[in-house]
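One structure is given here, and the rest of the page talks about it.
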Amino acid sequence: MSCPYFEQKSCTSCTHMNTPYSQQLETKDNALRTLFSDVAQSAWLAPVQSDSMHCRNKAKMVALGAAHQPTLGIESVQDGTPISLVHCPLYTQDSQALLAYLQEWIRTSGIPPYNKVKKKGELKFVLLTRSQARGEFMLRFVVRSEAALERIRHNLPRLQQAFPAVRVISANIQPIHMARLEGEQEIFLTDAHYLLEEFNGVPMVVRPKSFFQTNPHVAAQLYATARDWVAELKPRQMWDLFCGVGGFALHCAPHAEQVIGIEIEEEAINSAKLSAQQLGIGNLRFSALDSAAYSQAQTQAADLILVNPPRRGLGQALSEQLEQLAPQYLIYSSCNPVTMQQDLAHLPSYQVERAQWFDMFPHTDHAEVMMLLVRQ
């Protein structure tokens, strides 16, 4: 894939952009098999490939420059000058068009980007999420204070007229002078508060602060694969720990007698519950709890426990809890194979029966890995 930002060395996030995609897959596959050297070669299934461009449904843009010349993108690693990334080819074409419009809209609206050196200005980030099922957008302005809200509100009508697909608009207040992406306070500027997404016929509700996979094409296959594995095992009870907005639990519920989804973020749990209501699923329960605390409080494990932890992994304590609870099956989905490999060392009673990786982040070293572990 051709990328002008990579060719000009203005953005090097996609470190393997100039490597043929087939070679990227081979290199990543070999690296994962080496990392998980204890996993039998026969356990590995073929990797799930990504589209090489227009594959991301999220954009996180730093607001840079000045009010008369704002830039959405990143700072140059060489000299700190603003670099616009509104036409990054990983984004869909309608996302690129919207980002380019927003960059000009910020200028004509007179909204000053935040300057971290001078500690002045208002707009810190522009966060964009796209629903691939509906082609609709959620737009979030991360601002230092409420000072810019009047200008944002005043100029919203022409933004919405130019891009009626922008369904949800909000302002997130992040007053702290540090590299935090968002603050606690979310102010909605539209009647709609969430996006509707759909994978494999399963409705998903996306709210501003909920974690959501960034590559919808690959995410759909990740959920479908977990569903198929669970359908083969037919568990009586299943737990989905770190369930987020419920993607795995919602897909797997038809193939288990009871499914319990646990997630500490209450907003994500509210989204998951709404999806379950839309599907009319009666054997699925979601609770806003800490996954480790929930696991520790149980005296008897489910037949199958699915875990999808953040990049830090399960950690030794939770891994050892799961080892003691001794479910017959574990399905572990990870966005960080290194911490996943460390966690597996604390699960000595389990053998990896099936392993597959999903190229959620093409042109990088990152991979989403999912494994089926069976207690011996």
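Note that Cβ sites are derived from N, Cα and C of the backbone, with glycine treated the same way.
Here is what Swiss-Prot records for this protein:
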type	residues	note
ACT_SITE	CYS335	active site, nucleophile
BINDING	CYS3, CYS11, CYS14, CYS88	[4Fe-4S] cluster binding site
BINDING	GLN213, PHE242, GLU263, ASN308	S-adenosyl-L-methionine binding site
Cα distance (Å, whole number) from the residue listed as 'active site, nucleophile' to ASN308 (S-adenosyl-L-methionine binding site): 8
Separation of alpha carbons, CYS335 (active site, nucleophile) and CYS14 ([4Fe-4S] cluster binding site) (Å): 17
Candidates CYS3, CYS11, CYS88, CYS335 (recorded positions) - the one closest to GLU263 (S-adenosyl-L-methionine binding site) by CA: CYS335
For GLN213 (S-adenosyl-L-methionine binding site): intrachain residues, at least 6 apart, with Cβ closer than 8 Å: ALA219, LEU222, GLY247, MET360
Euclidean distance between Cα atoms of the residue listed as 'active site, nucleophile' and CYS88 ([4Fe-4S] cluster binding site), Å: 23
Alpha-carbon spacing, PHE242 (S-adenosyl-L-methionine binding site) to CYS11 ([4Fe-4S] cluster binding site), which is rounded to whole Å: 32
Inter-residue Cα distance where the pair is the residue listed as 'active site, nucleophile' and CYS11 ([4Fe-4S] cluster binding site), in Å: 23
Output field, S-adenosyl-L-methionine shell: CB within 8 Å of site CB centroid, site GLN213, PHE242, GLU263, ASN308 dropped: PHE211, ASP240, CYS243, GLY244, VAL245, GLY247, PHE248, PRO309, SER333
